[in-house]
Amino acid sequence: MALNSSTEDGIKRIQDDCPRAGRHSYIFVMIPTLYSIIFVVGIFGNSLVVIVIYFYMKLKTVASVFLLNLALADLCFLLTLPLWAVYTAMEYRWPFGNHLCKIASASVSFNLYASVFLLTCLSIDRYLAIVHPMKSRLRRTMLVAKVTCIIIWLMAGLASLPAVIHRNVYFIENTNITVCAFHYESRNSTLPIGLGLTKNILGFLFPFLIILTSYTLIWKALKKAYEIQKNKPRNDDIFRIIMAIVLFFFFSWVPHQIFTFLDVLIQLGVIHDCKIADIVDTAMPITICIAYFNNCLNPLFYGFLGKKFKKYFLQLLKYIPPKAKSHSSLSTKMSTLSYRPSDNMSSAAKKPASCSEVE
């Protein structure tokens, strides 16, 4: 959406260079429906994840701390999703005022960064737990995990500030509607390109490279360990899990990141064609649905890689309350296999534990 502005009576009025871009009847029906599904599934699933980790698993492990914070970040975002559903169903007419516009927009940005940062830290933790279990024991503590999560929330909050500052309610004169949108006073401004590149690089590229590297090193270490033990089926299981984790992250976010970059080019006036603007504005909410639906499934996806999580999750669904006294040992490895390949790899007698165990 390319916008030009003027101010009257304290209300920002803008002109939309491509007023019909992204405005299709099927979008106004399909997207609110998808948002509603994401809201129901996400609230239900992430609430159960919080209950399982906090009340059943007792939040005793590093991985559970990251997973709990991941679910909480998703819940914060999901609470604002009904606003976006109504906004889209009303054909991009924002009825909730400027403050909720800023809060809802910041929540979307916050969830993006918090979730990606937490998944990145989770991959690093899995790498340390599997490949360097003894060396990392002193670093992989509950205190370090909690401090890391606090830092992540602060960083995500800082990354969301532009939404609080620059996202506002505007009145589009040539379409006679009120929207909640980003608007930049000058097309020569470096702000939109800076925000777009930050989202592309800090919100996707760097985290993806770290996640890819971490799980590649994990797979190599486990492959070596299982070759020593001649356990090929086990090695194949690990490879599939790791590939699923990496590809799940990649394909969830790539479409949204691509169209975010194109949207920046439109805002800067690099792209003038309204047909391209229409494609971008039409595709953007669809890519958001893909990215954030998968995002909200992440806690369940990662949690179900662990046998203990699955056990407690099924107990919760059957209304079986948590035991008053927690188990003395608790799996913390997510897709990590309580087996530690760096511990006496040459010992063929040592049998690896479940490859899907979440320590």
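Backbone N, Cα and C atoms are what each Cβ position is placed from, and that goes for glycine too.
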Cys180: disulphide-linked cysteine among Cys76, Cys101, Cys274 [source: Swiss-Prot]: Cys101
Per Swiss-Prot, the disulfide partner of Cys18, chosen from Cys121, Cys149, Cys274, Cys289: Cys274
Membrane-side pairing of Leu128 with Trp219, Swiss-Prot annotation: yes
Candidate set Asn188, Asn344, residue annotated N-linked glycosylation site in Swiss-Prot: Asn188
In contact by Cβ distance (the transmembrane segment (62-89), the transmembrane segment (191-216); 3 or more pairs under 8 Å): no
Taken over the topological domain 'Cytoplasmic' (126-141), the model's mean pLDDT: 86
Local Cβ density at Arg167 (angiotensin II binding site) - other Cβ atoms counted within 10 Å: 22
Largest tally of Cβ atoms lying within 10 Å of a Cβ, found at which of the binding-site residues His183, Lys199: Lys199
Tally of DSSP helical, extended and coil residues in the topological domain 'Cytoplasmic' (126-141): 6 helix, 0 strand, 10 coil
DSSP residue counts for the topological domain 'Cytoplasmic' (56-61), split into helix, strand and coil: 1 helix, 0 strand, 5 coil
